[in-house]
Every structure is written in C-alpha cells, then in structure tokens.
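Database features (TrEMBL):
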type     : residues                                         : note
ACT_SITE : 694                                              : active site
BINDING  : 592-594, 618-621, 651-656, 671-672, 778, 825-827 : NADP(+) binding site
DOMAIN   : 339-416                                          : domain 'Carrier'
SITE     : 164                                              : site 'Essential for catalytic activity'
C-alpha cells in the first residue's frame, strides 16, 4: 500500500508546476530551515501574513524571525500556545487575526493547539524527516541511523490530532551512506530537498492538486525523543550497532561514554575495514576490550571483534579535540600573527559579529556557542571564512574544537600555514638481505619520537663480527644530542601524556610493545645476530625471547605499585593518617653493554617505564642496532614522544654526559667495575642522582664429587661457553673436587670437540664469533698470560682460522689462586679450573669468596644439606644449585661487593626506579 502511495507521490513531486495560484500563509516554526522555507515561499509569490516563532534566546532572535522582521512580516514570539493542555485565548486570537489560508510548519518545537491546526481554509502541513509511518516522533533522523536503515527521507503530511499520523502529501527518499551522521544526512538531503518539497507542497495545495494519502499502520514505528541523558552508548554490542548509535546522535544530542571518570561525547564514527592501526590503549567503561588511540582517531571494538573509528571527542566543559590527540598535553603555543594574518583576523571578527548579532563586541574570549550559536551557524561561519580566505581547509569540526575567537584564529592561522599536518614517523633504513629476509635497520639517533642525524653529522661503522664487514653507518651522538634527548624526556615526563596516564593504560602500552617485539622477533634476532655475533637460535630464544617476557612482566606491574598505611602516634585530641606513595623518579639514563644488547635494554627499560619514568638510553657503541629497532617499535606501540630516547655513540662522551646531567635523576649501568666507579663518582658530584650498577664478576662454580656428572659437565660448559662466554654471570672459575677432576676435564674436552664453530645464522652452529676485534685480542692476551703464569692450557686459546672474530673454546687447569686468570674476568669462552681437596667444603668456600666480585655463583651436589650450607655462605647475589644461567624475569638479579648494587628483574627492580613519599594528614 505504501509502495503504491509512494508512486503517486513521486508522480506529483516530479511533475512541472506553473506557480499561478497563491495563498496567504502562516509560517509556524523556527530555525534556519524555517527561514529558508519562508524566503522561498515569498519568492514564489505567496503572501506570508504572519510568522509565529520562539522568543529570543540570550538576546538573539531565531533566524526565521530575523528574516521576517527584515521583510516587514508580522512576527509573533509566543513562549507557549497552551497552558495545562488548554489553548491560550489571546494567543489563538492573535493567530486568527492574520487570516491565513494555510499553516506551514517546516520545523516546530512547540505544541500547537488543534483549533489553530484546523483553523485555516486548507488546514496545516508539517515537514517530518522520515519516511512515514516509519520513525514517528521528534528524533526521526536519529532513529533512521540508529536502526541502520538503508533508506532515509522526509514526509510532508497533513497535520491531525495524532502523533505524526496525518495523511501524506509528499515523500522523498535517499540512500543512507555507510558513514552518514545526523548532520551529513540533514545537510546533504533533508535540508536542501526538504525546503524545495515544502515549497512544492504549498503550490500543490494552491493548485488543488495535493493528495491526502492515509498512512498505513503496517511498518509504523514510534521512538522517543533522544536527549543527552539517554544517549549513552552501549559498548557491549557488535561494532556496527555501536557505529550506528554514535552516528545516530551526531551532532545532536551526541552519543557519550565514560572515560577516566568523565562523560566524553563521540563524533565522526566510521566502520573500520582492513587492519587496525597501531596506537595507545585506552580503557573505556563497559567496553568489551580496550580502545586504542591512533594517529587516525579512537578505535573502538564491538563484541564481534570488529572495529570502528571515532574522529573527535568532546569533554564536559564543551572543548572538542581530535580523538587522536586524547593523550596529548596542554595547549599548543600561541602563534605570532603577521600583519596580513592580523588583517584576516579582523575580517573573521566581522564574520563572527555578523553571526553573533546579539553580542555587543567580539572579544578574544568570546565563545561561539555560549554566545548563542547553533549548528547551522557553524556551517555559515565555515562557509563565510572559506569564501573570504580561498584555499584554507576548514571543516565544521574545527569550530567545535576552537570555540573561542582567540582559539579559532590560532587554529585558522595554523591551517593557513599548513602547520596542522600530522607528523608521520620517518625512518631512513639500512637494509640487508640476510637469513632469508630483508631486515630494515634504523641507524640514526632517536630523540623526541623522531630519527635524526647527530647534531654534528658524525657517523661510525657498525661491524659484523662474523666477517668484519660493515653492516651500516650509525649516527655518533654528541653532547648536544644528549642535552636535546634529556630535554625531550623531561618535557614528556612533566607535561606529556605519559606522566598523566593511568598506570593500567601505561601497562597496556607496554603489553602492546611486547606484542610488537614478538611480531618482529625473527627480524630482531637476525639483527642481534649480525650485530653482536650471537647464535641465531640463542638470540631468538634468549636475547629476544626474554626481552619480550620482561616487558610483559613489568607491564603487569604498572597498576600494582602500592604504598602503605602506617599507624603512628596520634596528635591528641586530633587524629592522624600516615600513608606512603611510590612515585616515579623522573628522567632516567640507562647505559647498557654489548653482550646482550636487546635483553639488557629490556631488563632496565621495562622496569623504568613501568614505574612511570622517561628515559635516555645509550646502547653499546658496537651493538646499537636492536636498540634503534626497538625505538621504532615503541612508536608503533603508541609510546608518546620523548618517553624513550636512544643515543648511539661513545661511553666517554654520551655516557659521561648522562652521568653528569643535572636533569637526570637516576642512572642504571651495566658494564665494567672501573667504569661503574667513574659513573658513580660523576653522579654524586653532579646532582647526587640515584645509581644502580651491575658490574664485573668472577663467579665461582663448585662441583662436588657427589654431583650428577652428566649434568655437571653439561651445565659446567654452559656456565662458561653460553653466549660465547660473553655473559655477566659466566662461571669465571670452576672448583672441581679432586677425585672427579680429571674425569670432568676429559669429558669437557671431548664435548668441546663436538661443538660447531661458525656462522651464527646457521641453525646448527654452537659457537659464534666474539663481539668485536678488540675484545678478541684481549681474550687472546688473557690466554697468553695464563700460559706464562704456569696454568695448563688443555684446549683452545687461539683464534679460529677463518674470517671474523672467532675464538676456540678454551680450558685451563692447574690454576692457582694467585694467578691473573684466577682473579680477573675473561668475559669470553675460557674455562678456568682449579682442584680442591676431597671433602674440604669450608676450604673451597673460603677460596670461592676470596674475590672482590659477587655477582653469581653455583654448586653441584646431590647432598641437599651441603647445597644449602654452601648457598648460605657463598657471597654472591645469585646462587645456582644443580643448574646455571637460570634467570627469570620475576627473580631479582644483581651483585654484591664490587659487582655493584641494585637489582634488575623482579619486584626489586621497580624499587630502583621509584621514590617513597610519606604523607601525614591530621583530621
């Protein structure tokens, strides 16, 4: 039935008319739509005998009243037409006095009595923005989109005493675009075509050709008025339903949700096809999973796993921002206007004055909306400014984001200058086809979220230890680069989103970073292998694998950092509450070694970031490439700019400046004891910054005759040769009980002979090259000293005859306590073995502890009592029993004595990057 009626209406609405018959009209309504209908009806020769509209608001007349008064048409501004359901006689009499033949109601928010509706000769016609009988009610456009209708439209119908149930005069329809909002649908079709249709309807009536087609009840629906109070979006539903709800309230009344305890209105929704952009997680009340703030906007997820994009957010104070800027801090610095720009600003001030006619003067602080502007005034402002200043890219949303005149001018000038463009991360890669892939390696300094050359333009060669070839040139950071990086980290900590972020959101970002590291683990392991010489399988499992685990572990700690409540003596008669807070330190410096480039970065950085600090990190000069790749991934994870800064270069320049810098509050260092002492001194003299040091070691491993020999041989070799001996906790000296000594050495040598030395990317390789040539030379010298002092070189001690920095796994026996190799760390594949007398537990303990180092230690025995006795007396930060190298992200790691102080990993590591504040309240 409706289809038939539509065909009839379409016939009428598309036929040609000659406007010969004219009517006397009363226009009852308001808004710019009402103004346009009024003006067009007058242009067609109809006589408007009276305009009935709403009273002025804040001293500003409705657009319909402004137009009518300008033309001399009688204007009536009745606050209401009824009281307690009864018509107000004087209002009705004033209306009847104009003698209208037809009431035209283009948009009317007032309830008009039926004795007014029925009074004229031709009755009354009303515009309704839906295809009746669908979506009766005052929020028809909203519900068209909320329900996901594929067609939208409007109806001009004859008013009756029902609720949008009168006979249909004319209908038009259009397709609903996937991302239409109330505003776009209204502006594209319902507004311009609705004006034409109202004028056409009046002429049909004047010509006696207007149909009265009863509305069918089949397919009829009525929905209530959508207000701000009932526009909260339910995020626990499929993505398309969320999208339809948001766009169905855009711009009025605005769908909202709760973020960080305040109502935030969502605008500019669209369904997201393809991959989801990377960004910063954001918890939203009632969401099925964390949202994500990306460079394109806010990503929301439905219960079906699909995603939608929200472009703009509006806060409770009315301020609107791009959703992509949710975590951005503060206001942008004001721009200084040129003379030409000042002239344009005054022209724009006149435009504002023309729109805000009720405002005596447009001041810098004048708020567009608080001065009475409505949505159509936004359109007018945008179009007038674009007409005045051709070429500027201005959108309606820009007005909502800059509501005061001063903010609007600042926004306009930035757009005019092209300063509002989003900055993309630009990476100039060094590429290498290796390991069945093309690895892409950043090689520049990473400062304040950008890769850039060093200040002085200097570079150095990063050398592959496998063959001595140049991998790429790397920026060589200067003191000036350090200062810029520290300034960026300080700004990010004090004013950026990182310092204001909820701990759980910070954790979500670190989880995302770990996920990205896992996605890129093969590439990271390949870079680690070619840059440090690590065997690929070990790099994949340990160098990269444990780095991922470390970030996930500390990500989980972010929202679990707690203080305590402390009972104290009360200050009678008052009472007191004392509690402690754990707070981040601020800007931290991290200086890491070359043996585990990525893992050492992770051990320190993850705890530092989880605690809420920002950092400047100096990787080892010879192994910078995985740290710079990590920097790239941190941007993709959504870590705000300035939070992480990476400076490749020399320890003598970059490391020294970091230790002296007055804005750094903590320095974490892993490296040699002599350098650690120098750093500690500089940190004390500069600003007494907090320090944690993981330094040299000469870790003893005690192997008793009652051990599991197979395990002792396997683990004893691992304790020395793991990662080519370039291992902080490597067993620097093995004490083997006399009765099993010879068997142990024999079995070790036989196993060494089976080890494959070669290309670290070869999956069957057991032993790769030493990290760099200077270190290889030092190891060869170390072995020469051992031989000269009288130790027995059982195996190895020489460079492997092949390109690259390869050294034979080495075994020394008959090492006496006074010898150089008994006291000093080799940091290479050199097993230093000494005998101890059968049963002499206390004697071997005394020898094991006779060192200034105390990083790690180990014992192999089947006797649990002996194991516990020895572990209690070994002076080392870590004791391994019947195992070795078994570190875990949850277990604290650090040394005693001249092996340093402070811990990496575990809860203890967090405390290295936090300070305790005590607060006492009297009440």
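Cβ coordinates come from backbone N, Cα and C, glycine included.
A TrEMBL annotation is a machine prediction, not a hand-curated record.
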Practice prompt. Out of the recorded positions 592, 618, 621, 694, give me the one sitting nearest to residue 164 (site 'Essential for catalytic activity') by CA distance.
Written response: 618
Discussion item. These are the binding-site residues: 592, 653. Which one scores highest on other Cβ atoms within 10 Å?
Written reply: 592
Fill in: Least buried by Cβ count (within 10 Å) of the binding-site residues 618, 778
778
Fill in: residue 694 (active site) as reference: those binding-site residues from 653, 656, 778 with C-alpha within 10 Å of it
none
Discussion item. Cβ atoms within 10 Å, counted per site: which of 164, 694 has the most, among these recorded positions?
Written reply: 694
Item to complete: Could you break down the residues of the domain 'Carrier' (339-416) into DSSP helix, strand and coil, giving a count for each?
Response: 49 helix, 2 strand, 27 coil
Fill in: C-beta crowding around residue 656 (NADP(+) binding site), within 10 angstroms
18
Response to the item:
Judged by other C-beta atoms within 10 Å of its C-beta, the most isolated of the binding-site residues 621, 827 is 621
